[in-house]
Each structure stands twice: as structure tokens, then as C-alpha cells.
């Protein structure tokens, strides 16, 4: 009997690997390329759009009823002033998709990217009976094998390039894809093209894929191999022996607060700093021990695509992930986390002590 979500796992791995290829092609061909500006002021290149088009096209082929919560939309890609960028996105997406039988037109490209506009929330998969499918119009029925008794639609979330500044520097970034059902992340896949396959050999082969299915463990493989090996968080027993992994940009998470938390815990090792959800991967494979996403603004709300796949990966690797108040991340509310503040990810054995230090430092901030 096949493991749960075996088909979704296989298709998600393929989609993330293909999206990673298009990101690498953009970097090598265009270096930084033309950019637009996101609302949060981080640069986004045509790689974001190309990767989202690739992933959404592959997913809709296999799971046509599954909605998607993704970071990008085409508002800034549709105008006449974006014609050159739009043409380049189409070219790059088709370079990856054409060998699989897809040849996107400009309109199909924009439609594929905009499939990511789903509102998200608590809705899980909807199951359709064969009788119900038979009542659909032929053009809709044609999506499905005739003898398939149940068809399900799901809720995916995608960050086509998490860590855009790292991408532009030729540093760490990740393609992050997850499947959420009834507010629970069931599958997470991350491609990290610039992450060393072994953290013990940082100058060695680069390009890692990480995958986790709920209750099935967390795994890593090289981009160049289909062989997976199971990963786990470190066996550190005391926070004072731990290593922090934090954002490169202080605007993403407070470095000052992290330093005070480290001092309170007796941590003296320098933090490992990198962009993107590669930090979750680093914790999951035991290369560092504590990832904190500390609030820098009371108004900012974390996006679900920034944490869905990474949080499952750490949890399945034996870690614990909560917000700074010790609450689990709530994926039932939509595209953001209005009921959560920040993130604390650690091996399970030190989580309580780290969380206590986080709460103490944040409480001091409120008194100042």
C-alpha cells in the first residue's frame, strides 16, 4: 500500500526541482536582471514569476482542482512597461516546461501565475464522487481518469524564491512548496540550489532538496541524485552549547534581541546567518540548533508561504516549532498569521528553555 501523499510528494519534488532549474538559469543568464519592487520593498526578479509559472503549471496538470496560495501575482507584469520582462519570463518558463509537453502562451503564463491568488484558510480537501464527476460538463471531466473513484482538491502554498536578496547575491535562497489540509501542513518540499550538500564540507557540492510528509520523517537529497537520506535535528542537550541560525538582514528579524537571548542562554558561538527557509533546513539536518524569527514591527504579519514547508521539515526531523508565545503556527486563517507572532524553531529537548529566554527578552522590550 502506497504511503499517504505519495503522488503529491513525487509531483511536488519534480515541480520544485524544475523551478530551481529556472532560478539557476535566470541567475546565470541575467545575474540580477530587471526588477520590480514588492510592497515589502524586497527586490523580486523575473525568476520569481518564472518559478511560480513552472510550479503552478506542473501542479495543475496533476491536481487541477487544487487551489494555490502563492506569493506573486501578475499586477506588475501585465502593463506595457513590463513587456520586456513578460517576454523573458515566458521564454524562461517554456525552456523548462516545453520538454514536458507544455508551451505556454503569454495569456496562459499570466493565468498560471495568478492561480496563486487563493485566499487560503481552514478549508481542507474536497472529495468528489464518481457520480458527481459524471454530472460535470465534458471539458471539466476530461481532466480526470474515467475510473478514478474519488478526486480531491487541495490547498498548496508556494514561495517561488524565498530569500530574494540571497538569490541576487548568489547566496542562499529556496523554492518552497507545501500542501495544507484542514490547517495542517501535510507535505513540504524545499529546493536550495546554493546550499552545500554536506554542511561539513561547505566548499563541496551544492544543491539540496528537502522533503517531509507528516508522520513520515524528514529527508534530504542532492539535486544530482535521487537517493534520499533521513535527517534529524541535533542532539544538543543544553542551550548554552547551541548555535543560532538567523537572517542575514536585521530588518527581517531583530539581531539585537537575538544577541540578548543568546547571552541569557549562555551561548557564545557566533550565529550562522543566511537568507530564506534554508535556515529551517539547517536546523532540520542538525547543522545549527536555534532559529528565531523575532518581530521587528508590531504590525507585520508573517506569510504562510515563508514557514509552511520549513516548519514541517523541522518538526518531522524531531524539532519543535512555535511562535514566540509558545503557540503552534496557525495555518487556518488565510495567507498570513494574524494569531501568531514570530517563530521559534529548535530541537524538542531545548525548546522550553529557549522559549523562556525569548519571552523574557521580549517582555523587557515592552517595559523599556
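Numbering starts at 1 and runs along the chain as displayed.
Cβ coordinates are placed from backbone N, Cα and C, and glycine is handled just like the others.
Taken from TrEMBL, the feature Mg(2+) binding site applies to 71, 159, 161, 162, 306. Other Cβ atoms within 10 Å of the Cβ of residue 71 (Mg(2+) binding site) number 22 in total over all chains.
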Same chain, 6+ residues apart, C-beta under 8 Å of the C-beta of residue 162 (Mg(2+) binding site), given in sequence order: 173, 174, 175, 176, 275, 276, 277, 305, 306
Which of 159, 306, all binding-site residues, has a Cβ with the fewest other Cβ atoms inside 10 Å: 306
In three-state DSSP terms, the structure that residue 306 (Mg(2+) binding site) belongs to: helix
Residues close to Mg(2+) site centre defined by 71, 159, 161, 162, 306, Cβ within 8 Å: 158, 160, 163, 164, 174, 176, 276, 277, 303, 305
